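Student: Sharing the features that Swiss-Prot gives for it:
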- CYS49, CYS54, CYS57, CYS79: [2Fe-2S] cluster binding site (BINDING)
- 10-97: domain '2Fe-2S ferredoxin-type' (DOMAIN)
- 245-437: domain 'FAD-binding PCMH-type' (DOMAIN)
- 552-576: region 'Disordered' (REGION)
Amino acid sequence: MGSEAAAAARAVVVAVNGERYEAVGVDPSTTLLEFLRTRTPVRGPKLGCGEGGCGACVVVVSKYDAVADEVTEFSASSCLTLLGSLHHCAVTTSEGIGNSRDGFHAVQRRLSGFHASQCGFCTPGMCMSIYSALAKADKASGRPAPPTGFSKITAAEAEKAVSGNLCRCTGYRPIVDACKSFAADVDLEDLGLNAFWKKGVDDEHADINKLPAYSGGAAVCTFPEFLKSEIRSSMGQANGDTSAVVVTGDGWFHPKSVEEFHRLFDSNLFDERSVKIVASNTGSGVYKDQDLHDKYINISQIPELSAINRSSKGVEIGAVVSISQAIDILSDGGAVFRKIADHLSKVASPFVRNTATIGGNIIMAQRLSFSSDIATVLLAAGSTVTIQVAAKRMCITLEEFLKQPPCDSRTLLVSISIPDWGSDDGITFQTFRAAPRPLGNAVSYVNSAFLARSSVDGSSGSHLIEDVCLAFGPFGAKHAIRAREVEKFLKGKLVSAPVILEAVRLLKGVVSPAEGTTHPEYRVSLAVSYLFKFLSSLTNGLDEPENANVPNGSFTNGTANGIVDSSPEKHSNVDSSYLPIKSRQEMVFSDEYRPIGKPIEKTGAELQASGEAVYVDDISAPKDCLYGAFIYSTHPHAHIKGVNFRSSLASQKVITVITLKDIPTNGKNIGSCSPMLGDEALFVDPVSEFAGQNIGVVIAETQKYAYMAAKQSVIEYSTENLQPPILTVEDAVQHNSYFQVPPFLAPTPIGEFNQAMSEADHKIIDGEVKLESQYYFYMETQTALAIPDEDNCITLYVSAQLPEITQNTVARCLGIPYHNVRIITRRVGGGFGGKAMKAIHVATACAVAAFKLRRPVRMYLDRKTDMIMAGGRHPMKVKYSVGFKSDGKITGLHVDLRINCGISPDCSPALPVAIVGALKKYNWGALSFDIKLCKTNVSSKSAMRAPGDAQGSFIAEAIVEHIASTLSVDTNAIRRKNLHDFESLKVFYGNSAGDPSTYSLVTIFDKLASSPEYQQRAAVVEHFNAGSRWKKRGISCVPITYDVRLRPSPGKVSIMNDGSIAVEVGGVEIGQGLWTKVKQMTAFALGQLCDDGGEGLLDKVRVIQADTLSMIQGGFTGGSTTSETSCEAVRKSCAALVERLKPIKEKAGTLPWKSLIAQASMASVKLTEHAYWTPDPTFTSYLNYGAAISEVEVDVLTGETTILRSDLVYDCGQSLNPAVDLGQVEGAFVQGIGFFTNEEYTTNSDGLVINDGTWTYKIPTVDTIPKQFNVELINSARDHKRVLSSKASGEPPLLLASSVHCAMREAIRAARKEFAGAGGSSLTFQMDVPATMPIVKELCGLDVVERDLESFAAKA
């Protein structure tokens, strides 16, 4: 080993965007992302999750094969890829394919032009996923050359290119359009609103020549020549080297054979506890490293492990072959191989599959009980594995391997062999998986794979099973298993209903989830469903086919009512989950206030796509910067007796721990404060009050060291003399634990409820519904950088929606004047309310550490900590009593509402008025309520997009649907009957109702729900359900009313001597397009001084970052009205400037802008103006209206829901920027889909969040949005009291997503009706939020298969 030790100082050499970098003295555990962001100027790749689950960090990695003289390139997660494994590789980031200096790439320009970037944090990763998919398609052989300007990629491939990338802002539709614009098989006219041609205008036709030019990947060199030369040179040197091990960097070893691996591992160089064996390291996304490792053995360069051997017997795949490579290999094989490849393509995401290895997946399943799809599928296919332990090599079945005790690090998986089942017509091979996402990164609840050899019985047409293999995956067992008892039973049987029924009964005894498994009954039901589907396919008549003549009213062409006409296509057997995404946008453009009203691109979108846009964590670390990570309590109510650290490499990196004692003497222990709602503690003092509460901040030299050290903390708790924690609303009620609602925030009841109930023909007493929480999942986690300054001053760069309150809190905590604290926020990588009060804690903790240590301190929360501490949306329990007439007219409603607010008030006292405000969209006759804010020992809940309104609107729909079900009438009839007329609207909403001409809800609702198109679609749904047993559809139309408040707002406009313009506003750019609208307003307001009406000024305007020492009384960014109020403040500033400049303009006549400003400057005209706009006291709020129709398809066997189509009509007033408002509508709607359907926020018995990462918390992805997504923005009427007659768009459209939940209820009702004859359940049922797959399946019936089979068997 002498030569290896001597070589240990060799540098890892990589090329980054064509530049050479040597990594010397780098921690061997350094990831590529960490290296890029700390050792290079690159900032495009972002840390979004650290799990390979979000795509924010995606880069393209290129490798050079000097022997073949070939470069291969693929996308990869830089957060998982270790730098030490990339010696002599090239890395290309978003900056490398295009930037502001060298010119933007077509991908970047199209993402910008299709309005596909909002907060922009995810955009560089999106960009590289798309770029990689284009490069792969264009290099593929056998594909025809595409027309000029297009790629070889297909529209279907383009959609899947970003299937693993998360975006919380856009709703994905514009991203999909940008992707598909490269595909030659797409109709450009079908693409959505963009900046390249004006849709809906006769002389503006879609044309490839109008799109930014694309000429393949030739313009970007991903592998520089100098690196090729180095590789060739190193090969020559290696030929004379007797060592079989290559050593790079500090602690990286690359054995070249299996034998050398064992010799190396058994040497005295390694301590098994600190060495890590890696091939791709993607497993660390699932099983996080709990400590640092100082040595790594990279087995990916062992040729035998990457070999692929084909023969007549099958294919042998080396253990380090990537999943993507395996898919490519198997796709060229027989039917069984192709089916395996198809299933593997649904595992992980493209950028993970490109590096994750087949062997690594199997090893995790065997050693760590990983929920592997691959193990299940290969098990059913009869695969064997070759393993080597020391000098002993053996070939055993995969089943035997999985059953063995967990293998140790010395056991090397060499290869996996899959037999070739040939073209035997008697072989049937099927695979199944149920996961929250069809294509995205989601572990399945259950997966299964079945292989049978059978022959057809001539008399019955059913199959005689000769042999069968039934494999089932992660249902709560340690690993995939074969259902041997069931297999034994089935062999020799002719498949029939009685046989399947008995097989199902046997299976339920085999599939037994371990204790503690989530949704155990659902998982068993899934296993039964999959066996049923498989065996039914081998019968004649039992597996009832979908009616091939049932029309599909969801995917249509043409327009009707401003949406889409319903020329029905024929329903096919294509899985609706994989239908292509279609869309249409309708809106009215106005030139009245140009450039206000133009759908211009979002300011900075191209910079966001290239990765040049600077977020807080992109700011270069100051000299001597330290890094912090929270140590938090895992107990909800306990004395903190002490904090220690385990003896580990990570704990050795701790510099200090900042705690309560480090707050200055004159300071206070506050982590957030509100003059009206109270304070929340920054540190535990001395009793933890909830799981997730901050105990202290670990300080270390790097962010990774801080993260890892925090994991090594050991907290000593004591619950002596403490009461049990209050965790639920039921606990709070029992202990009378409540916060008070200030009188000025309390909603007002309407009418006399008791009298209203006495007038009712029917009554529902104590109806109930529950709504759970939702996590923000902004792509950029909480982050701050604190830099101490002279004279006890401090500057903080914070990702915050409340810079002013952050300043106040930091100052109070440190005991210094407010003017000593400067908060700067340029842009926020997603907020949704989560960067409001919750961001203050991080900033304040950072400030305390920096103030104490007199050094800069930076904190960037890891995703798990962020999710645990964030709080999220308020969960609540609702009970209601409602009276109504026989015709459906409601007479009175009383609601008992218990809201889980957490440990502090935060924004909770403002929730009741919001809930009631959204609830009042219907005329309830009389409305009363009893709302309690429950104080509990959980992290305080905070504002999340449409806080309270989202729940209130849904509660109204749940009640209306209950009434409709009770009366057995169409729900829309109840909705329409109880919509307000203007008189009742005024009673319920007062001044917010505005003028009669602005009340557009009835018109909108009738446009959708009363249209012939809707009636036809409803009939199609009913017809479909009559012909489909195992898939049911539902359609629903939901109206919304949303009350928004106008707030005072400052604005400042400064004209420079060259005519360029700097604008400051109190609001923060969080992706909502604030800067864009402000630019347009500035140009409009100053436009009367210009001959072109101000359009030429757009490029001269720059909106600068929020700075609390420059712009005081900035208020907060939230409530959906920040953009319009900021615009009005700017307009007011501009008006003053215009008055000063007008005399010069009038005197000179025609005068270019630059000359006008030059003359004004010479004349000493003041060229800056600060204004503070306040709303008219008689008009401080207004109502927003909209409605949505959603149509869904529910798989009765699995609970999976596909949103076939959503049609949204939203009254946006006279839009300040239709492109921005459209993006807000679509993004809010999709975020709402997550809340109502799929985002499962789960805690343990101590209230600690356990769905704490991308592996367990599933926000919507490109494959879960509506397959047809139509949006119409309407302008109901002028209203001079609003800002240029505009309306808010950020939050109200989220409420429309309840239409999906309501449509799901209709589909479930159809399923329950279908099986009513077999002991089905009531057609009136409670359906809580979110309606996840397990909930949907349970409501459809966990035992529908058994009941159906019993029915068939009885007829046999």
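Using N, Cα and C of the backbone, Cβ positions are placed for all residues, glycine too.
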Student: Which residues in the same chain, at least 6 apart in sequence, have a Cβ under 8 Å from the Cβ of CYS49 ([2Fe-2S] cluster binding site)?
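Tutor: Looking at Cβ-Cβ distances below 8 Å from CYS49 ([2Fe-2S] cluster binding site), excluding near sequence neighbours, one finds ALA56, CYS79, ARG863, GLY1253, THR1254.
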Student: Hey, for the [2Fe-2S] cluster site built from CYS49, CYS54, CYS57, CYS79, who else sits with CB inside 8 A of the CB center?
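Tutor: Other same-chain residues with Cβ inside the cutoff are LEU33, LYS46, LEU47, GLY48, GLY50, GLU51, GLY52, GLY53, GLY55, ALA56, SER77, LEU80, GLY125, THR1254.
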Student: Under 8 Å Cβ-Cβ from CYS54 ([2Fe-2S] cluster binding site), six or more apart in the same chain: what's there?
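Tutor: The answer is GLY48, CYS122, GLY125, ASN165, LEU166, MET779, THR1254.
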Student: What number of additional C-beta atoms lies within 10 angstroms of the C-beta atom of CYS79 ([2Fe-2S] cluster binding site)?
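Tutor: The answer is 27 other Cβ atoms.
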Student: How many other Cβ atoms sit within 10 Å of the Cβ of CYS57 ([2Fe-2S] cluster binding site)?
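Tutor: So the number of other Cβ atoms within 10 Å of CYS57 ([2Fe-2S] cluster binding site) is 29.
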Student: Reported in the order helix, strand, coil, what are the DSSP residue counts of the domain '2Fe-2S ferredoxin-type' (10-97)?
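Tutor: Helix (H, G, I), strand (E, B), coil: 16 helix, 32 strand, 40 coil.
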Student: For the domain 'FAD-binding PCMH-type' (245-437), would you mind checking the mean pLDDT of the predicted model?
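Tutor: Mean per-residue confidence for the domain 'FAD-binding PCMH-type' (245-437): 93 out of 100.
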